[in-house]
Amino acid sequence: MSGGKYVDSEGHLYTVPIREQGNIYKPNNKAMADELSEKQVYDAHTKEIDLVNRDPKHLNDDVVKIDFEDVIAEPEGTHSFDGIWKASFTTFTVTKYWFYRLLSALFGIPMALIWGIYFAILSFLHIWAVVPCIKSFLIEIQCISRVYSIYVHTVCDPLFEAVGKIFSNVRINLQKEI
């Protein structure tokens, strides 16, 4: 920790928590505090974002990386005037650039709010509803699986073994008649 910031193994900077004293991440218990000092706790809300590389995980490499050449192409022998081609390129590129910026300015923050709420609800439901339901189901099904296992071993196994012995002596001979 230097200069009031944490640096993780990937080089990301995190600011020091606002409340140093009484912070829930820094217990007052000396043994726990010493143990915790070996592990740095990061505050995800204060990490700095990269304004140059805005897609570090390459989510949109295959989807929205559209340039003029990807959309408009003139085959050999069918070319417009060079000036028209250059003006079309400039018009396409500038329009795409500024219209994206306009849409981002108008709808970026509301969409971020909507997606933030959506993923918060999704996380909440997963943590507080889905996982407990699955755990409860697994606990309840474990009891049923024991009863089912006893049923299979006491009823089904002898029945199918007997049927198998009955049909084990059945022989079929196929002859081809000419």
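Along the chain as shown, the residues are counted starting at 1.
A Cβ is built for glycine as well, from the same backbone N, Cα and C atoms used for every other residue.
Taken from Swiss-Prot, the feature ubiquitin cross-link applies to Lys5 (among others), supported by experimental evidence.
Feature annotation from Swiss-Prot assigns ubiquitin cross-link to Lys26 (among others).
If you look up Swiss-Prot, you'll see Lys30 (among others) marked as ubiquitin cross-link, on the strength of experimental evidence.
Sequence annotations record features per position, and here Swiss-Prot assigns ubiquitin cross-link to Lys39 (among others) based on experimental evidence.
As annotated by Swiss-Prot, ubiquitin cross-link applies to Lys47 (among others). Counting Cβ atoms from all protein chains shown, Lys47 (ubiquitin cross-link) has 14 others lying within 10 Å of its own Cβ.
What Swiss-Prot lists as ubiquitin cross-link is Lys57 (among others). Of all Cβ atoms in the protein chains displayed, 7 besides its own lie within 10 Å of the Cβ of Lys57 (ubiquitin cross-link). In the three-state DSSP reading, Lys57 (ubiquitin cross-link) counts as coil.
Residues annotated as N-acetylserine in Swiss-Prot, with experimental evidence given as evidence: Ser2.
Per Swiss-Prot, the feature phosphoserine maps to Ser2 (among others); the stated evidence is similarity to another entry.
Annotated N6-acetyllysine per Swiss-Prot: Lys5, in sequence order.
Positions annotated as phosphotyrosine by Swiss-Prot, on the basis of experimental evidence: Tyr6 (among others).
Residues or ranges marked as phosphoserine in Swiss-Prot (evidence: similarity to another entry): Ser9 (among others).
Residues or ranges marked as phosphotyrosine in Swiss-Prot: Tyr14 (among others).
What Swiss-Prot records for Tyr25 (among others) is phosphotyrosine.
Residues annotated as phosphoserine in Swiss-Prot: Ser37 (among others).
The region 'Interaction with CAVIN3' annotation in Swiss-Prot covers 82-94 and rests on experimental evidence. Nonlocal intrachain contacts for the region 'Interaction with CAVIN3' (82-94), taken as residues 6+ away from its ends with a CB within less than 8 angstroms of a stretch CB, comprise 67-68, 71-72, 74.
What Swiss-Prot records for 149-160 is region 'Interacts with SPRY1, SPRY2, and SPRY4'. Helix, strand and coil counts under DSSP for the region 'Interacts with SPRY1, SPRY2, and SPRY4' (149-160) come to 12 helix, 0 strand, 0 coil.
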(Q) I'd like to know the mean pLDDT over the region 'Interaction with CAVIN3' (82-94). (A) 94
**Q.** Same-chain residues near the region 'Interacts with SPRY1, SPRY2, and SPRY4' (149-160), Cβ under 8 Å, at least 6 residues beyond its ends
**A.** none
Q. Helix, strand, coil residue numbers for the region 'Interaction with CAVIN3' (82-94) per DSSP?
A. 13 helix, 0 strand, 0 coil
